[in-house]
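Structure first, commentary second.
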Amino acid sequence: MCDKEFMWALKNGDLDEVKDYVAKGEDVNRTLEGGRKPLHYAADCGQLEILEFLLLKGADINAPDKHHITPLLSAVYEGHVSCVKLLLSKGADKTVKGPDGLTAFEATDNQAIKALLQ
């Protein structure tokens with residue numbers, strides 16, 4: 001399967017396309033081109049429905065990418081409040097530190113996200 005097409009669907013919120021990839025055997029925990037997992041791309045781009053679907057299909061909520069960034073940190077860095085809320089509600093580890101040595105709470109100035117992380 002073509003990573004670029006799958007990554008495009010993840011980033012752009014094409015849930016039907018993502019479902020098709022998974023139905024055809026795409027591993028929701030496979031490291032894609034770029035050293036990231038599907039959950040990272042969805043979290044980075046604020047794709048809440050994609051996040052929910054991938055988690056339902058067994059995506060590892062705390063999987064680090066090649067930079068040791070978790071999906072929660074990805075959502076925090078990009079300011080996606082709804083994604084942060086979902087990931088926390090599903091058990092994301094908020095104590096993990098990013099490559100800068102900061103936790104998600106320490107890495108954001110977004111007050112809504114800080115409130116969720118407290």
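Every residue, even glycine, has its Cβ placed from backbone N, Cα and C.
Going by Swiss-Prot, these are the annotated features:
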MOD_RES   C2  N-acetylcysteine
MOD_RES   K4  N6-acetyllysine
MOD_RES   K11  N6-acetyllysine
MOD_RES   K24  N6-acetyllysine
MOD_RES   T31  phosphothreonine
REPEAT    2-30  repeat 'ANK 1'
REPEAT    34-66  repeat 'ANK 2'
REPEAT    67-99  repeat 'ANK 3'
The repeat 'ANK 3' (67-99), counted residue by residue under DSSP: helix, strand, coil: 17 helix, 1 strand, 15 coil
Cβ atoms near K4 (N6-acetyllysine) (within 10 Å, other residues, all chains): 10
Secondary-structure category, per DSSP, in which the residue listed as 'phosphothreonine' falls: coil
Residues that sit under 8 angstroms from K11 (N6-acetyllysine) by C-beta distance, when 6+ apart in the chain: Y41, A42, D44, C45, Q47
Neighbour tally for the residue listed as 'N-acetylcysteine', based on other Cβ positions within 10 Å of its Cβ: 9
K24 (N6-acetyllysine) versus modified residues C2, K4, T31 - nearest by Cα: C2
C2 (N-acetylcysteine) to the residue listed as 'phosphothreonine' - Cα separation in whole Å: 13
Alpha-carbon spacing, the residue listed as 'phosphothreonine' to K4 (N6-acetyllysine), which is rounded to whole Å: 12
Three-state secondary structure, K24 (N6-acetyllysine) (per DSSP): coil
